[in-house]
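Residues or ranges marked as signal peptide in TrEMBL: 1-26. Taken from TrEMBL, the feature domain 'Phospholipase D N-terminal' applies to 74-166. Annotated region 'Disordered' per TrEMBL: 280-304, in sequence order. Residues annotated as compositional bias 'Polar residues' in TrEMBL: 291-304.
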Amino acid sequence: MNRRRFVSSLGLTGALAWLTTRTTFAQQTSGYSAAVPFLSDPSIAGLTDADRTYLFQVDSVATAQYASLLYPQSVAAGDPRVDGVVLWTRLEPSLQGGSFPSLAAFQVAADAAFSSVLLEGVATIDPNRDNTVKLPVSHAVLQPFTAYFYRFLHRGIVSRTGQFKTLPLEGVALQQLRLGYVVCQDFGNGYYTAYQHLASEDVDFVVHLGDYIYETIGAGFQQNPARVVPPFPSGSTTIPVDVNDYRHLYKTYRSDMNLQAVHERFAMIQLWDDHEFANDSHQDFHPDDNTAPNTADTPQPQLRQAANQAWAEYSLADVVFDSAKDWDSSVQVYRKISFGGLADLVITDERLYRDGPPCGNQEYGQRYFTLGCPALLDSNRSMLGSTQKDWFLRQITGSQATWKLWANEVMLMPLRLTAIYINLDQWDGYPAERRQILSAIRQAGVSNFVALTGDLHTFLAGYLKTNFANLLEPPMGVELMVGSLTSANFAEEISSAIDLPSRPVPAKQMGVPPNLLDPVIRAANPHIQYWDSSTHGYGILTLTPERLTCEFKAVTTIQAPDANLVPLKTFTVEAGRARFV
């Protein structure tokens, strides 16, 4: 096979790569959705020794001068496996060139100096995927629950070094697991000071619960004018209108050095929420910020498909975008990650299959701050869709792990002020399905059930029940909601007296001073044990066979590039007891 045919063959799928290992014959092992194929004989690929030397050369001078320009979004890894991980980078097309302009080499090593390279290979840079390289790499040479280093090379220019850890063997009696978890990072609302601190934490993996990007830009009331997203390529002034606009958002967000540091340090387990497409979105409906002729009641399948494609290209999830399928099946976000016998993380998609808001698309009085409507009680209404709901319940009720974790996008517990529902975009808008799910989990005798939640830009902890109105019913699990990285929280919105672009709900309508939110919310919702919607930060989970500990941590400001880190609250749940100690 000559050089031209070799390059052409790599381009067939955009995810293919030639790869060899220095320690054993190469072989594909565990299955990713589009795993890198391994060739035991590099000569099959048509590469000469000179080609190989060229592809893996390191030019220190060129690297120092051009690395940040060639790899403007740096590197990232995600969706770990026992013997692998998804590796990602993007190369700036104007700097691609040399003998193999459409190829990027990569290496995985046991040490940061790359003196012990275990795997190396060559992958295509696909312009149809915005010049991203996304490689699901799995190989027997990679050992369970072990840290590795990786990097990309092109024209002698080397990317920054990334790190990842593989998963423990399935069923193994792991003694400790530490997870960071984050959510809601509106670029225009503040600096990623929380990521600056998270990058230094001693955790095994990071879980991102969604709202990695926010679709709306150009609002004149952004709180932090120093953090402005540049105009969309299409010329649209408010929201994306095509896939390139969504790509533009991901490129802008991932240009942040603190976010890059977290991606370089840890493998991320990522799901989406609404803003990866549109605020409060359901299926292919875009409720807010539409321009004629589109309205909240107008399906927008092409825009939904564009959002799906951009997310698949830029996320670290082992998710492949299939353009031949419709928007509702071109990606599948829901999946499960197992951490030995200690924990299962079950990830759901709460946007693509959900029914629309029960009481109408208007904000005040229908989606937010509403007395409800007859459709709210419809037992057939679903957030997960029947197929995903059945799958989810099988994963949770069939789990043999000590801890059953639900990566849950929106608040699961009720949130009301007397008879008023605050937000029907969350599970309060789907009460029948919520009760069905929690009842099935209780009836199956599942213990150590924990919902990890984002979306509301609030640090929150509370108890899960099948009947929240019954104060005497014992909890069957707990919910731990992490506050936003930067997105506007209740206190900021109430204080500003305007609807900020990344608001959790139009909170200025609440008529409650920020310092009274905690007691008012908790008095009206006795299942809620903790509420703080005035800070930004992240959560750290430490799991052992005996207990789960959740630490909420906050930064002192997001309005400046640097901030201090302060502890907010720590919650402990003993195994076998759905109570905070």
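Every residue gets a Cβ built from N, Cα and C, even glycine.
Each residue of the region 'Disordered' (280-304) gets a DSSP state, and the totals for helix, strand and coil are 4 helix, 3 strand, 18 coil.
Across the residues of the domain 'Phospholipase D N-terminal' (74-166), the predicted structure has a mean pLDDT of 95. Note: the domain 'Phospholipase D N-terminal' (74-166) comprises 6 helix, 51 strand, 36 coil (DSSP; helix = H, G, I, strand = E, B).
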